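Trainee: Please find one structure pasted underneath; my questions will follow.
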Amino acid sequence: MGLADASGPRDTQALLSATQAMELRRRDYHMERPLLNQEHLEELGRWGSAPRTHQWRTWLQCSRAQAYALLLQHLPVLVWLPRYPVRDWLLGDLLSGLSVAIMQLPQGLAYALLAGLPPVFGLYSSFYPVFIYFLFGTSRHISVATPGPLPLLTAPGRPTGGAGPDPLRLRGHLPVRTSCPRLYHSCSCAGLRLTAQVCVWPPSEQPLWATVPHLLLEVCWKLPQSKVGTVVTAAVAGVVLVVVKLLNDKLQQQLPMPIPGELLTLIGATGISYGMGLKHRFEVDVVGNIPAGLVPPVAPNTKLFSKLVGSAFTIAVVGFAIAISLGKIFALRHGYRVDSNQELVALGLSNLIGGIFQCFPVSCSMSRSLVQESTGGNSQVAGAISSLFILLIIVKLGKLFHDLPKAVLAAIIIVNLKGMLRQLSDMRSLWKANRADLLIWLVTFTATILLNLDLGLVVAVIFSLLLVVVRTQMPHYSVLGQVPDTDIYRDVAEYSEAKEVPGVKVFRSSATVYFANAEFYSDALKQRCGVDVDFLISQKKKLLKKQEQLKLKQLQKEEKLQKQAASSKGASVSINVNTSLEDMRSNNVEDCKMMQVSSGDKMEDATANGQEDSKAPDGSTLKALGLPQPDFHSLILDLGALSFVDTVCLKSLKNIFHDFREIEVEVYMAACHSPVVSQLEAGHFFDASITKKHLFASVHDAVTFALQHPRPVPDSPVSVTRL
């Protein structure tokens, strides 16, 4: 009965879905519709501004459900861990966690030494941040650790003293949001600097602004001081690591998990160093004592904030860019979503809490993330297992690596830079795919080599922003034609079958119009239309000015003739001065009457002439002035690419209306998005001369209307004031 009752609602829902599907099939979405300008579209769709949502009000509201939702949002482990499929995922996460821990152990020790810190701090950085990310992260596959570029930013300025690490080297992490995945590739040029940094060992009194040429010169300068035992140890370890990596690449399909070459090299080198006494016999530096146990938390020194804020900002940008790039790659590959905001919180907390426990900055390691994925890792349970394995080494097994040669750790770093240095080959693919990205790559590489990673990153970001502005100033401008038997319009230069509509020009830009490219938009429009608009307007103004001057001279000539006629009549009257007074008096009245009659006749003649002039045909048209007329009567601006408009764009559009109306071409706009229409209204773009009847829902609507009305819209003036 229970199963029958449960199947009832399912059958009903399935029947309802089938009914809706049949109803959709019956509908005919092809319909004939009238032309729609913006005014008609707003009436038909009952358009109105979207209601404003006051987000801060919801933030201030507090309830039990909202607090629980906020907890689940910022602590994702409470969401996915209760649903964890133990049977399907636990074995893969266990093997993956152990594999990653085997890699983290030697790399953590190596990067700690590179940063000028005691080796145990590398182990701390492989435990605390990894476990914190297990609680707060949203990516299931990335492995939190110290990637290659970050040790450069924590590199020493002087050798480590015996009193503990220099606080200036324990750089903090400031959470900074960025959306530049290409920054990860820009970090590849840090490989040369890392190589030079490792070769200069032990670290000398180097300024933090030391560039790669400076470091390479120091390498050459210190070559005579090299110790044969250290060089041989590093060379042998490097060869073994390279051979193991080549075997892993070649036998990738046959091996259930990669051969842990770094761990085997570390164990073998420690045994050989202990058995042969490399430190005493060949003066090979070893790691030394690694204290067992965890250190107590230490509050940060606020006096150092001003000195570290610049480096912290750089570390934050580089670290987050690497993590979010790899996180999204894995999420896309395995079909889940990574929350960028929560990733920023997770990385920030990992570094914040890790910094309290003497860890150096961490982000996402590409090599360990790939190992975590390829060995069967399915969730951050693998990260938790690897962190617990590192904790076991910190508490119990750290003393076993007392005789580990530092040269082996240096070899591990240099060999792991192979992937970063291999990205130099990206130049060939970028040349074919996107030369703008290649230019950014070259600028970033050069700046990093010559100016150091901090300044190189700043130069890269600034150059990228400038390049975006430059690219928006050079969009693709096109004149559109109609694809036969469709309402689709495409670039006539790209589509051979697309033909321009006779009498109508359709113009489109591939980028939004704003202050940086508004002038280029206007110039490109006038050029693509094939009409020298500015020349026609200037010639028209000159001819109209000449006409006004001729009319003015004609009026002045008529006034002069009238004055001469009046003066000659006055002279004829003065000839009869010697006549008798009685005759003059008798004739005076008659003369006055005659003058009144003659002046009245002249007034009537002047009025008649004025009326005839007013009824005369308009002489201000291009044809009447003898100027060439454009071969089109309507211009349509396809504004579908506009995402916003500013005041410069508004003025530019108004000027386009004014200029083309001066040469007797009516202008229309089409395909504006609703937010752009709202911004046009807010900027008082629409007025008595440019109404919403000039804005159409689509290009085809505008073309059809222009063909039906080859002259300007009757209810709107011909010209507007130029801004």
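Start at 1 and count along the chain as shown; that gives each residue its number.
Just so you know, glycine gets a Cβ as well, placed from its N, Cα and C.
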Trainee: Quick one: sort out which of 375-395, 501-521 is the transmembrane segment according to TrEMBL.
Mentor: 375-395
Trainee: Of the ranges 84-103, 344-363, which one does TrEMBL flag as transmembrane segment?
Mentor: 344-363
Trainee: Can you identify, from 209-226, 407-424, the stretch that TrEMBL calls transmembrane segment?
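Mentor: It is 407-424 that TrEMBL describes as transmembrane segment.
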Trainee: Using a threshold of three or more Cβ pairs below 8 Å, and leaving out pairs closer than 6 in sequence, do the transmembrane segment (344-363) and the transmembrane segment (109-136) count as in contact?
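Mentor: Output yes: the transmembrane segment (109-136) sits against the transmembrane segment (344-363).
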Trainee: Could you tell me what the rest of the chain brings near the transmembrane segment (375-395), counting residues at least six beyond its ends with Cβ under 8 Å?
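Mentor: Residues 77, 80, 84, 88-101, 104-105, 108, 120, 123-124, 126-128, 130-131, 133-134, 137, 139-141, 143-144, 257-258, 292-294 contact the transmembrane segment (375-395) from elsewhere in the chain.
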Trainee: Please tell me whether the transmembrane segment (439-470) and the transmembrane segment (308-332) touch - that is, whether there are at least 3 C-beta pairs under 8 Å between them, with each pair 6 or more apart in sequence.
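Mentor: Yes, since the transmembrane segment (439-470) and the transmembrane segment (308-332) share at least 3 Cβ pairs closer than 8 Å, they count as touching.
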Trainee: Give the one range among 228-247, 308-332, 344-363 whose Cβ atoms make the most pairs under 8 Å with those of the transmembrane segment (407-424).
Mentor: 228-247
Trainee: Restricting to the same chain and to residues at least six past its boundaries, which positions have a Cβ under 8 Å from a Cβ of the transmembrane segment (228-247)?
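Mentor: Sequence-distant neighbours of the transmembrane segment (228-247): 259, 261-262, 264-265, 268-269, 278, 281-285, 405, 407-408, 410-412, 414-415, 418.
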